[in-house]
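Novice: This structure is in structure tokens; I'll ask about it shortly.
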Amino acid sequence: MSCYRMTDTSVQNDRIEHETINLTYKSSLRFRGKTNVIRESLFNQANYYWIGLISIGTPEKTFIINFDTGSTDLWVPSIQCLSTCENKAKYDLYSSYTSRANGATFRIKYGDGSYVNGIFINDTVTIANSSVLNQAFAHAKNISGFSLSTFDGVLGLAYPSLGTSGQIPIFYNMWQQGLISNPIFSFYFNPNPNAYPGGELIFGGVDSTKYLGSITYVDVIIPAYWEFMMDSVQTNGKIICSNCRAILDTGTTLIVGPSNQIALLNYAIGGIYDQETGLYTVDCYTRLLSDFPDVEFSIGNMTFTLSVLQYLLISKDDDNFVCYTIFQGINLRDNRGYLIWILGDYFLSRFYSIYNVKRNQIGLAKSISYNYLQINPKSLFGNSSNKNYFQYILQLFILIIILVIRNIFFF
């Protein structure tokens, strides 16, 4: 799967955005509502993305979904999608008696080049036994760039202004229909790929058992992506950027930033650019773990730290290991043309994230799984070289003993 995924759908305007939110709040007052939250279990796909299950229609059809804070609309493959939708669940509007015609066209192109085209339809969407009625979503007839992904479709959780005009996103309908008591949602990602379940998405609340300490909140500066001002990024005393714009994006795997700044960051930790992958590699055979500095993200005057085994992606190539950093340089811009950082899943698996629509804020706290570290192969980080060094010393010592013995007997 591509390392990052981000929509380039143009923002409609802020006025529409705020009107949509206000109408949602006012409409919700007409419902008696529920006080419970909706809990969706997530499953870790080798730390590349976290997926969950939803169902659509009556009778229900189940889909594997990537929950994406970097886009807004919900889409799943249509039964009319053939060659590009092999091995994926498909929606058939004629098989559901709760489907309703919509007719709006859907087109989205993500930042990694993948794209989806389709038509909007309205139907019942069920998440964790809670049904959202008459929800607009796209059944996609043409999909490109998703053939290797294990999920069927994407459920967007960004602001309405990033989505298709006139279509109310599913989270806002949850709130309007009284399915959740608070207009917030939160993510917990477990970085242990063998953990079951591998994470949790809560609509309407926060799980205080999934984070440690206090939550740091910062304001959203442009209500499209979940965009905020990041105080700085630094490593080993070197400031990589200050007053930088950033977004939280569950649909992106790595941490992405402006090319020049990412190059400076990788240089500071000893990274070398690999043209074939577009990533940076580091020497993890002879360098000790203690030689790698931490990388610090300052957000809301709080420091969020990634240590070396949290920011390296260790891959095995035949009999050798290759160590990539998770810092990828791409010049991506927000809806007003500013360069941005994307804090993707490798960041969000260490820090619990909260998204508050009413207050237009994001929140971050240290995850209970923060200290989980990937398996460190014994041959890496100086272990193999140390072993060879001692073997060399031993062999040299034996050779000296043999020479001494020969001198004793022959002289």
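Counting begins at 1 with the first residue displayed.
A Cβ is built for glycine as well, from the same backbone N, Cα and C atoms used for every other residue.
Fair warning: this is a prediction, and the values are worked out from it, not measured in the lab.
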Novice: Using the record from TrEMBL, pick out the residue from Cys3, Cys81 that is joined to Cys85 by a disulfide.
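Specialist: So the cysteine that TrEMBL bonds to Cys85 would be Cys81.
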Novice: Non-local Cβ contacts of Cys81 (disulfide bond) (under 8 Å, 6 or more apart, same chain)?
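Specialist: Spatial neighbours, sequence-distant, of Cys81 (disulfide bond): Lys90, Gly118, Ala140, Lys141, Asn142, Ile143.
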Novice: Find, among the active-site residues listed as Asp68, Asp249, the one whose Cβ has the highest number of other Cβ atoms within 10 Å in the structure shown.
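Specialist: Per the Cβ count, the most surrounded site is Asp249.
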Novice: What count of other C-beta atoms do you get within 10 angstroms of the C-beta of Cys85 (disulfide bond), across all chains shown?
Specialist: 21
Novice: So what's the mean pLDDT when you look at the domain 'Peptidase A1' (50-365)?
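Specialist: Looking only at the domain 'Peptidase A1' (50-365), pLDDT averages out to 96.
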Novice: Report, in whole Å, the straight Cα-to-Cα distance of Asp68 (active site) from Asp249 (active site).
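Specialist: It is 7 Å, counting Cα to Cα.
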